[in-house]
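Visitor: Mind looking over this structure? Questions follow.
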Amino acid sequence: MPERDSEPFSNPLAPDGHDVDDPHSFHQSKLTNEDFRKLLMTPRAAPTSAPPSKSRHHEMPREYNEDEDPAARRRKKKSYYAKLRQQEIERERELAEKYRDRAKERRDGVNKDYEETELISTTANYRAVGPTAEADKSAAEKRRQLIQESKFLGGDMEHTHLVKGLDFALLQKVRAEIASKEKEEEELMEKPQKETKKDEDPENKIEFKTRLGRNVYRMLFKSKSYERNELFLPGRMAYVVDLDDEYADTDIPTTLIRSKADCPTMEAQTTLTTNDIVISKLTQILSYLRQGTRNKKLKKKDKGKLEEKKPPEADMNIFEDIGDYVPSTTKTPRDKERERYRERERDRERDRDRERDRERDRERERERDREREREEEKKRHSYFEKPKVDDEPMDVDKGPGSAKELIKSINEKFAGSAGWEGTESLKKPEDKKQLGDFFGMSNSYAECYPATMDDMAVDSDEEVDYSKMDQGNKKGPLGRWDFDTQEEYSEYMNNKEALPKAAFQYGIKMSEGRKTRRFKETNDKAELDRQWKKISAIIEKRKRMEADGVEVKRPKY
């Protein structure tokens, strides 16, 4: 057949020796397309002999591989699935043998699991269907027998619903089983102990010629190491007794067990010798001597002054007559406690000496500050004060009568001047209290202005207050330990004010411009002080006028 219809084709030629002269045979031998189709449709006959195989001398012989053969692969797969199916069938057969259709058994009434319990549970069945007398009698007897057995004999732990306090027989039965099990276990535990006891002592197998050899053997091989109880180490366990309790005599003491780290180790106790004790005490004494003989450096301001001698009581040791400590090899606990007490007393005495030195230094500092303040008070005078020939303060410490005389003399001296507002800077702050009546502190305005007397001494414009000026590090800053309490130190630090020298030389630069050193602060407090002085002067004037008998105009309030 041609591959395409457009290509020309011709029928094949007749074979050699074929004669086509006969027209009839020619017409018969002429084949058509129909004949060719039939030829194709007819199956090929099986060959009687195998066709000659082609000679493949030029190709290499190839081994047969079963994996590449599709037929072999199909056979393998079929056999594999056949095995799986066979295994499933066998498993189903096993399950079918074990399986019980309990629902079918209950329907047929042949369920063996519930034969015993059905007799007890089906009480209502006797009333539903009227049984025969014989069946009723046998069923009732059987049921009564089961009840009696369960009551007196007790069931077993698996099939009995236990009720606390009711199953007496079962309880006794279980107790007996437990006791028998415990007895068996004890016997099993005792058996190996008895067997070990029966073992022969190895010492009997050895023959000793001398007693010394036997003793050496026993010391080497039979010496048992003593078992130490860890709770009974030195200092490990102690008894705590509450002595304040009323029933301390009869009460059981509490046991206190300390940690191993808190207890002294046995090695440290055994290795400590007398030489170690002596060395430790010597180092301690030398450290005390080093601390006690330390000389204190004198400050710059104290260099010119003579050193104040310490009173002999300060250096007196309370253990002066005891003598030097000589350690002994064996010390009783009481001696150790006494020694510790002495050491504590020495430490306390040393601390007291140091505290006395500090207190003495602080007292000197305070005294110097007081002297400096007195000198500054002498230099200072009020703006309103009249000039005096003698600036020395009057001595008012002559007794209670001298203060009254002083007030009287001042009143007589300044009786004529109604607007006198000055005050005198006195030596001690107690004098201000004594002169309180003169300045009107006893009148009704005193409680409104409690700080009047302290603020009346206004600095003069002519002189500069150098107390706040930074004097450099001549005196040295006062530290925390120069004060007794933290509150005093905090108050000192809060009130501390120091301006540089440049502020007194060139003035302080403020927001409104540079102010000179004659700068005087005008605030509300100063204004109130001035008004109070005027009011107090008017009140004093009226009092004097009333005392003289002059009629004074009284306010209407």
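Note: Cβ is positioned from N, Cα and C throughout, glycine not excepted.
Straight from Swiss-Prot, here's the annotation block:
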COMPBIAS  294-303  compositional bias 'Basic residues'
CROSSLNK  Lys151  SUMO2 cross-link
CROSSLNK  Lys310  SUMO2 cross-link
CROSSLNK  Lys331  SUMO2 cross-link
CROSSLNK  Lys386  SUMO2 cross-link
CROSSLNK  Lys388  SUMO2 cross-link
CROSSLNK  Lys408  SUMO2 cross-link
CROSSLNK  Lys496  SUMO2 cross-link
CROSSLNK  Lys501  SUMO2 cross-link
CROSSLNK  Lys509  SUMO2 cross-link
CROSSLNK  Lys541  SUMO2 cross-link
CROSSLNK  Lys543  SUMO2 cross-link
CROSSLNK  Lys553  SUMO2 cross-link
MOD_RES   Lys98  N6-acetyllysine
MOD_RES   Lys137  N6-acetyllysine
MOD_RES   Ser287  phosphoserine
MOD_RES   Ser417  phosphoserine
MOD_RES   Ser460  phosphoserine
MOD_RES   Ser536  phosphoserine
REGION    1-90  region 'Disordered'
REGION    181-205  region 'Disordered'
REGION    294-402  region 'Disordered'
REGION    342-375  region '17 X 2 AA tandem repeats of R-[ED]'
Visitor: Take the C-alpha atoms of Lys496 (SUMO2 cross-link) and Lys541 (SUMO2 cross-link) and report the distance between them in angstrom, rounded.
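Guide: Cα-Cα distance, Lys496 (SUMO2 cross-link) to Lys541 (SUMO2 cross-link): 41 Å.
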Visitor: Would you kindly give the Cα-Cα distance separating Lys543 (SUMO2 cross-link) and Lys408 (SUMO2 cross-link), rounded to the nearest Å?
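Guide: A Cα-Cα distance of 15 Å.
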Visitor: What is the pLDDT of the region '17 X 2 AA tandem repeats of R-[ED]' (342-375) when averaged and given as a whole number?
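Guide: Taking every residue of the region '17 X 2 AA tandem repeats of R-[ED]' (342-375) together, the mean pLDDT is 87.
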Visitor: Spatially speaking, which of the recorded positions Lys98, Ser536, Lys541, Lys543 is closest to Ser287 (phosphoserine)? Use C-alpha to C-alpha, please.
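Guide: Minimum Cα distance from Ser287 (phosphoserine) across Lys98, Ser536, Lys541, Lys543 lands on Ser536.
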Visitor: At the level of the C-alpha atoms, what whole-angstrom distance separates Lys137 (N6-acetyllysine) and Ser536 (phosphoserine)?
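Guide: If we compare the Cα positions of Lys137 (N6-acetyllysine) and Ser536 (phosphoserine), the gap is 131 Å.
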Visitor: Measuring Cα to Cα, how many angstrom lie between Lys541 (SUMO2 cross-link) and Lys98 (N6-acetyllysine)?
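Guide: So the alpha carbons of Lys541 (SUMO2 cross-link) and Lys98 (N6-acetyllysine) sit roughly 133 Å from each other.
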Visitor: Among all the protein chains here, how many other CB atoms are within 10 A of the CB of Lys541 (SUMO2 cross-link)?
Guide: 16
Visitor: For the modified residues listed here (Ser287, Ser536), which one has the lowest count of neighbouring CB atoms within 10 Å of its own CB?
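Guide: Per-residue Cβ counts within 10 Å for the modified residues Ser287, Ser536 bottom out at Ser287.
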Visitor: For Lys496 (SUMO2 cross-link), just count the other CB atoms lying within 10 A of its CB, please.
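Guide: The answer is 10.
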Visitor: Between Lys543 (SUMO2 cross-link) and Ser536 (phosphoserine), how many Å separate their Cα atoms?
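Guide: Here the two Cα atoms lie 11 Å apart.
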Visitor: Rounded to a whole number, how many Å is the Cα of Lys98 (N6-acetyllysine) away from the Cα of Ser536 (phosphoserine)?
Guide: 125
Visitor: Can you tell me how the residues of the region '17 X 2 AA tandem repeats of R-[ED]' (342-375) break down into helix, strand and coil by DSSP?
Guide: 34 helix, 0 strand, 0 coil
Visitor: Can you tell which of the recorded positions (Lys98, Lys137, Lys408) has the fewest other C-beta atoms within 10 angstroms of its C-beta?
Guide: Lys98
